[in-house]
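Participant: This is the feature table in Swiss-Prot:
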ACT_SITE  His20  active site, proton acceptor
BINDING   Tyr15, Tyr67, Asn69  tRNA binding site
SITE      Asn10  site 'Discriminates between blocked and unblocked aminoacyl-tRNA'
SITE      Asp94  site 'Stabilizes the basic form of H active site to accept a proton'
Amino acid sequence: MTSLVVAIGNPGRQYVWTRHNVGFLCVDRLVQQFPGVHFKEAPKLFSDIAKVESSQGSMVFIKPRTYVNLSGKAVLAVKGYYNIATDRILVIADDVNQPFGNVRLRQSAGGGGHKGIKSITQSLGSNDYWQLRLGIGRPQRENVELSDFVLGQFTEEEQIGIQSVFIEASALFSQWCSGTQTA
């Protein structure tokens with residue numbers, strides 16, 4: 001059985017350390033657990049893809065090259081190409097509705113206003129996939145627009161704290177892989 005792990009983020013160097021790209025950063029660390037596995041461009045699937053074969057089946061990791069708001073286009077293309085069941089999809093994304101550092105794993109969840117999640121749900125015609133949501137919090141100052149906040153760089157303090165988020169996310173990812181997660 002093939003599983004799909006989707007990182008939500010924006011392509012391009014200027015976005016690497018932005019809050020909206022925490023999904024890309026997390027998936028990069030997850031893929032590092034598999035020696036010799038690297039992302040490769042797959043233009044026809046609108047993604048960078050890394051594939052892992054294990055005793056539990058195949059796992060396809062993607063970083064869509066469509067920008068956050070159009071993530072569903074890439075997810076639908078990869079899902080169709082590899083014939084992946086919707087309930088075998090895990091989407092890793094930032095979450096402004098959770099305090100910085102909170103990590104949640106849920107199935108069949110709403111989008112919480114996240115346009116990338118909304119795009120995926122619309123493209124799949126279902127929300128019966130898993131979400132690993134990484135809390136990035138909200139702006140501390142009232143005069144900061146939410147879009148500027150999510151596209152803003154992590155502070156030095158957040159860059160240090162994000163390492164703990166990745167450790168917790170990795171543990172929840174392992175539970176999801178083994179089927180021992182709770183929704």
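The backbone N, Cα and C atoms fix where each Cβ goes, glycine too.
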Participant: Starting from His20 (active site, proton acceptor), work out which of the recorded positions listed here (Asn10, Asn69, Asp94) have their Cα within 10 Å, and give them in sequence order.
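Facilitator: Cα within 10 Å of His20 (active site, proton acceptor): Asn10, Asp94.
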Participant: Under a three-state reduction of DSSP output, how is Tyr15 (tRNA binding site) classified: helix, strand, or coil?
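Facilitator: Tyr15 (tRNA binding site) sits in a helix per DSSP.
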Participant: Are there any residues at least 6 positions away along the chain from Asn10 (site 'Discriminates between blocked and unblocked aminoacyl-tRNA') with a Cβ closer than 8 Å to its Cβ? List them or say none.
Facilitator: Thr18, His20, Asn21, Tyr67, Val68, Leu151
Participant: Identify, in sequence order, the residues in the chain of Asn69 (tRNA binding site) that are 6 or more apart from it along the sequence and have a CB within less than 8 Å of its CB; answer 'none' if there are none.
Facilitator: Lys115, Gly116, Ser119
Participant: Distance between Asp94 (site 'Stabilizes the basic form of H active site to accept a proton') and Tyr15 (tRNA binding site) at the Cα atoms, whole Å?
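Facilitator: That separation, Cα to Cα, works out to 13 Å.
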Participant: Cβ within 8 Å of the tRNA site centroid (Tyr15, Tyr67, Asn69 excluded): which residues?
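Facilitator: What remains near the Cβ centre is Gly9, Asn10, Pro11, His20, Thr66, Val68, Leu70, Gly116.
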Participant: Using only the Cα atoms of Tyr15, Tyr67, Asn69, which the record gives as binding tRNA, return the largest interatomic distance in Å, rounded to a whole number.
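Facilitator: Between the outermost Cα atoms of Tyr15, Tyr67, Asn69, the distance is 14 Å.
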Participant: Would you identify the secondary structure of His20 (active site, proton acceptor) according to DSSP, in three states?
Facilitator: helix
